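Asks: What follows is a single structure, and I will ask about it in a moment.
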Amino acid sequence: MTGPSVTRGAAGTLAAWLARATERLRSAGVASPRADAEQLAAFALGISRARLVVVDELPPSAAERLDELVARRARREPLQHLTGLAGFRYLDLAVGPGVFIPRPETESVVGWALAALPSVSGGGPVCVDLCAGSGAIALSLAGEVPGARVHAVEVDPAALGWLRRNVAASGLPVTVHEADVTAPPIASLARLAGSVDLVVSNPPYLPDADRDEVEPEVGEHDPPRALWGGADGLDVVRAVVALAARLLRPGGLLAVEHADGHGVAAPGLLRADGRWAEVADHPDLAGRDRFVTGRRRAGAGQRATGEEG
Ligand SMILES: C[S@@+](CC[C@H](N)C(=O)[O-])C[C@H]1O[C@@H](n2cnc3c(N)ncnc32)[C@H](O)[C@@H]1O
């Protein structure tokens, strides 16, 4: 069995370092201190977390680097900003300051969409990810749905930089659109109006009043534009629902992530809109209300003139 090259020195064992780092992160209020300490150790040593079991003593240079990483994590920098990567389904996405770190909750939204897609399309579906961030949803759809043609819409210049980087690195068929979903029509999407099979979105959805309630990793490091959705949190959700209604073909599917307090309000929006059938709300893996879905009705026309997508 081979491990990283470790030299015996004064830095002590990895086990002792992990115990100290875990305690330091725990007292700093980090939610998963042991897991974070292990991931930082694996990152700094350039090995998988599973391989940590074969490491005995730490080389002094690694211990110094690890102490720096733990100090930053104890100041509540997100783990993913330290490693530069966020895992999402089968993807490792490049992330850092300026882009929202994809969350496990959103994996459930994509899972629902993948399971539902055969009811819309026999193959090669056209999919749109509104508010794409790092590209977690768009790239998952492009990677997991054979023949999918995927469009990713994002407004923020910094997020667009990360999105383009992840799309380029993946080699997957995702077209990036720089556009504001709250300001239709979106010229580059006009040709898709009425032809899209699936729209998925994880928009900003936290009510502005929650600003003092989020963890430091979120409030100080996720971009504000990725988080805050106006007084009731639903400003961008409303725009997403309206834009999706213009993009989807009859029978096409919509899935929108929402705050756990929106389990009644979000489906209520779709029902009141009149253009959606099969409206349902879904919990995440923790059992919290997390996303709403609906199917574009046939024959329920556009609500205003000049709406072209
Ligand atoms: C919660 S993050 C989700 C990112 C990604 N979909 C994910 O799940 O990781 C919301 C994203 O929406 C973008 N956004 C916010 N308002 C927008 C708007 N009006 N038009 C387009 N994108 C917007 C933000 O910049 C941010 O990248």
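From the backbone N, Cα and C atoms, a Cβ is placed for every residue, glycine too.
Pulled these features from TrEMBL for this protein:
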type    : residues                       : note
DOMAIN  : 17-84                          : domain 'Release factor glutamine methyltransferase N-terminal'
DOMAIN  : 127-208                        : domain 'Methyltransferase small'
BINDING : GLU154, ASN202                 : S-adenosyl-L-methionine binding site
BINDING : ASN202, PRO203, PRO204, TYR205 : substrate binding site
Asks: What other residues of the same chain, not counting ASN202, PRO203, PRO204, TYR205, have a CB atom within 8 A of the CB centroid of the substrate site?
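Replies: Near the substrate site, the remaining chain residues are CYS131, SER201, ALA226, GLY229, VAL236, VAL237, VAL240, VAL256, GLU257, HIS258.
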Asks: When secondary structure is assigned with DSSP, how many helix, strand and coil residues does the domain 'Methyltransferase small' (127-208) contain?
Replies: 30 helix, 22 strand, 30 coil
Asks: Please report how many Å separate the Cα atom of GLU154 (S-adenosyl-L-methionine binding site) from that of PRO203 (substrate binding site), as a whole number.
Replies: 10
Asks: Could you give me the DSSP helix, strand and coil counts for the domain 'Release factor glutamine methyltransferase N-terminal' (17-84)?
Replies: 50 helix, 1 strand, 17 coil
Asks: I'd like the number of other C-beta atoms within 10 A of the C-beta of PRO204 (substrate binding site), please.
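Replies: There are 21 of them.
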Asks: If you skip the near sequence neighbours and keep only those at least six away, which residues in the chain come within under 8 angstroms of TYR205 (substrate binding site), Cβ to Cβ?
Replies: GLY229, GLY233, LEU234, VAL236, VAL237, GLU257, HIS258, ALA259, HIS262
Asks: Looking only at the domain 'Release factor glutamine methyltransferase N-terminal' (17-84), what is the model's average confidence as pLDDT?
Replies: 96
Asks: Among all the protein chains here, how many other CB atoms are within 10 A of the CB of GLU154 (S-adenosyl-L-methionine binding site)?
Replies: 29
